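Colleague: Feature annotation from Swiss-Prot assigns topological domain 'Periplasmic' to 1-73; the stated evidence is similarity to another entry. Here Swiss-Prot flags 52 as N-acetylalanine, drawing on similarity to another entry. Taken from Swiss-Prot, the feature transmembrane segment covers 74-94, 99-119. The annotation topological domain 'Cytoplasmic' is assigned in Swiss-Prot to 95-98 on the grounds of similarity to another entry.
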């Protein structure tokens, strides 16, 4: 694909580089040279790579987070109420049913995320 760049009437074709031109042998060697030392260090010191012996510094805030963002909290109720209101207003403005379906999608998304996070 050639793009044409014109300067005061004269045109000169400019070739656009392909995305795959970045995956040359030299670039792959540079990547390997950067990744292999880090991989070797992680192999010899796995406790540093995985933080196996670390303590959870955020454990004391679990009760506060569950009280603020849990299933029965007011924050979730306000988010759902705001979604209903915004969806209704957008439907009235555009007459597009997708905005009404957005309420159901957001509600399901919030329920799934709460279950995954453990709230």
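If you go along the chain as it appears here, the first residue is 1 and each next one adds 1.
Placement of Cβ uses the backbone N, Cα and C atoms for every residue, glycine included.
Worth saying up front: this structure is predicted, and the values here are computed from it rather than measured.
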Colleague: What residues in the same chain, six or more past the boundaries of the topological domain 'Cytoplasmic' (95-98), come closer than 8 Å to it by Cβ-Cβ distance?
Modeller: none
Colleague: Which bits of the chain, at least 6 residues beyond where the transmembrane segment (74-94) starts or stops, bring a Cβ under 8 A of a Cβ in it?
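Modeller: Distant contacts of the transmembrane segment (74-94): 68, 100, 102-103, 106-107, 110, 114.
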Colleague: Given the model, what does the mean pLDDT over the topological domain 'Periplasmic' (1-73) come out as?
Modeller: 78
